[in-house]
Amino acid sequence: MLKPTYNIQPLPPGVDFDTVPILKALARANRALAELKGRAATIPNQSILIDTLALQEAKASSEIENIVTTQDDLFQADLFPEGPGSAAAKEVALYRDALKLGYDRLRETDGLITNSTLIAMFQLLKQHDGGFRQTPGTALKNEASGEIVFVPPQDAHEIISLMGDLEHYINAENGDGLDPLIRMALIHHQFESIHPFPDGNGRLGRILNVLYLARTGLLDIPVLYLSRHITQNKDTYYRLLQAVRAENAWEDWVLFMLEAVAETSGATLRLVEGIRQQMSDTKAQLRAELPKLYSQDLLNNLFRHPYTRIDYVVQDLGVSRQTAAKYLDELADKGFVEKIQAGRNNYFINAKLVALFLDVAVSDS
Ligand SMILES: Nc1ncnc2c1ncn2[C@@H]1O[C@H](COP(=O)(O)OP(=O)(O)OP(=O)(O)O)[C@@H](O)[C@H]1O
C-alpha cells in the first residue's frame, strides 16, 4: 500500500505571516481586488458578468488539465449543448456548471461552503455518483518522468476527518486573525494536499478559491479567477505546493497566491471595463439605429450569449420565433452581430465581445 508522503497538519500552520514581503503583497492584492469589486458593481446586469466570465474561467482552468478548446468551440458547445460538439468543450461547460452550482449553494446557505457542496460540484464536473476517495492507490506523478512526487492520504476515514476540519476552517465565523487572502491560499493548499476526490481536485480547488472570495465579501460576485495565472506559471505552482510539504515554505506559497490575485485582478478589471464600455456603446448605437428594436433585454441577450440564436431571443424577450428571427437579421444587417448560416442552426456572433475575450487573454499571456 502507498504510504502518504506528507503529514497534513490542521490550519493555520504555526508560521509568522506578518513579514514585510507578505504585508506588501497583501496591500497590492487587496487594492487590486477592491478596484475589481467596485468596477464589477457598475455593470447593470450582474448575471451577464457571472455567465460570461465563468465560461472564460472554465476554459482557462480546464487547460491546466490539458483540456484545450478554442473560443469558437466553446461558444458553439454553449449554443448547441444538444449537438455533437467537441468532448473538450463539453467538459469545459461542465466546469462552468459546477462553478455556478457552487455559487448558487453559497447564496442559498448564506455564505457556507460545505463538503456537500464540494461533492455536488465533483459529481457534476465528473458526471459521477461518487464522493470522497474510498479506495487507496492515488499518487501524484511528475507529468514528464512519471515519478511519484506526492502521495496524499490513502485512508477513507482520514480523508473524511481532514475534510471535516477543512470545512470547519473555511466556515469558521471567528477568524484566526489572518487576512482572508492568506486564508484562501492556505485552504487551497490544504485541499490539494488532502486531494479528496478521485479526479478533478485541481479544478475543484480553483473553484474553491473564488467561492471563498465571495464568502468573505472580498467580491460580491464570482469574477476573479486565478486559473490563467496558474496555467502560465504551472511549474512554479507545482514546485511551491511541494515546497510547503518538503520545507514548510508557506511564505513563498502565500506570496505566489497573492501575486496571482493582484495580477489576475488587473486583467479581469480590463475585461469588465471592456464589457461595460461595449454594453454602453451598443446601447447608444441600438437606440440610434434600431430604436424600435431596442430593449434592455435584447442588449442583455447579446452580452449574456456572445453566440446567440433565435431560441435564446425567444426565451429572453418573450417574442415569437418569427419576431426573434427578424430582430436578429436586422441586427446582422446593421453589423451588431455576424450571422453564421448553418442550415436550421443559424447563429449570431457578438464579434466585438468575442474579440475582447481574445485580446485580454492574449495581452495577459
Ligand atoms: N506535487 C504536486 N504536483 C502536481 N500537482 C499537485 C501536487 N500536489 C497537489 N497537486 C494538485 O493536484 C492537482 C491535480 O489533481 P487532479 O488530477 O485530481 O485534478 P484535475 O482538476 O483533474 O487536474 P488539473 O489540476 O491538472 O486540472 C493540481 O492542479 C494541483 O493543484
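Glycine too: its Cβ is placed from the backbone N, Cα and C atoms.
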TrEMBL has His195, Asp199, Gly200, Asn201, Gly202, Arg203, Leu204, Gly205, Arg206, Tyr237, Tyr238 down as binding ATP; which of Glu65, Glu82, Glu91 does it also list for that site?
-> Glu65
Using a Cβ cut-off of under 6 Å to any atom of ligand 1, determine which of the binding-site residues Asn201, Arg203, Tyr237 qualify.
-> Asn201, Arg203
Tyr237 (ATP binding site) to His195 (active site): how many Å between their Cα atoms?
-> 16
Rounded to the nearest angstrom, how far is the Cα of His195 (active site) from the Cα of Asn201 (ATP binding site)?
-> 6
Which of these binding-site residues is closest to His195 (active site) if you go by CA atoms: Glu65, Arg203, Gly205?
-> Gly205
Looking only at Glu65, His195, Asp199, Gly200, Asn201, Gly202, Arg203, Leu204, Gly205, Arg206, Tyr237, Tyr238, the residues listed as binding ATP, what is the longest Cα to Cα distance in Å?
-> 18
Winner by Cβ contact number (other Cβ atoms within 10 Å) across the recorded positions His195, Arg203 | Arg203
